[in-house]
């Protein structure tokens, strides 16, 4: 079964359509009652989870720079807010917190995005019987392994290579055998 499909376009600027009051406006609404929005998709998944007591999935797909990671953050912010977890545990920050080293290893420059995540992400959010978030798990997998040895014109490989080269003279990197 395929549910709702939302086409999101990255406006490349902050818009006031993802704030707390907008979350509350979409909470409890039926799909189609309001304008298409990531919060409408999240509300439908949340409602179906509660009604059918079955796992739900939201697939966020798109080209580089389309705003997939940001859309996932907004969906989690919605779940944290309607699930009563936002102020208690700041679950959104905990789930999406990535260490700088992971970003360096998995982000690269593409022709569409100077800091494009080359990771695929699979995020599982656990809810208790009252539909409050109780935990989450994020699995990542590296995309485009070929980028290590080949990049298209005007692109570059993973940031980690440039950061290691820039840090080659630091004492803590001496054992790595990096040179000019």
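Heads up, the Cβ atoms here are built off N, Cα and C, so glycines get one too.
Small disclaimer: the values here were computed from a predicted structure and weren't measured.
Annotated features in TrEMBL:
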type	residues	note
BINDING	62, 63, 64, 65, 66, 67, 68, 69	ATP binding site
DOMAIN	1-180	domain 'Myosin motor'
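Neighbour count (other Cβ atoms within 10 Å of the Cβ, all protein chains): 16 for residue 65 (ATP binding site). Mean pLDDT for the domain 'Myosin motor' (1-180) in this predicted model: 82. Looking at 62, 67, the binding-site residues in this record, the fewest other C-beta atoms within 10 angstroms of the C-beta turn up around 62.
Neighbour list (residue 68 (ATP binding site), Cβ cut-off 8 Å, at least 6 residues apart, same chain): 60, 61, 62.
Take the CB of residue 63 (ATP binding site) and look out to 10 A: across all protein chains shown you find 12 other CB atoms. Around residue 69 (ATP binding site), the same-chain residues at least 6 positions away in sequence with a Cβ under 8 Å from its Cβ are 117, 121.
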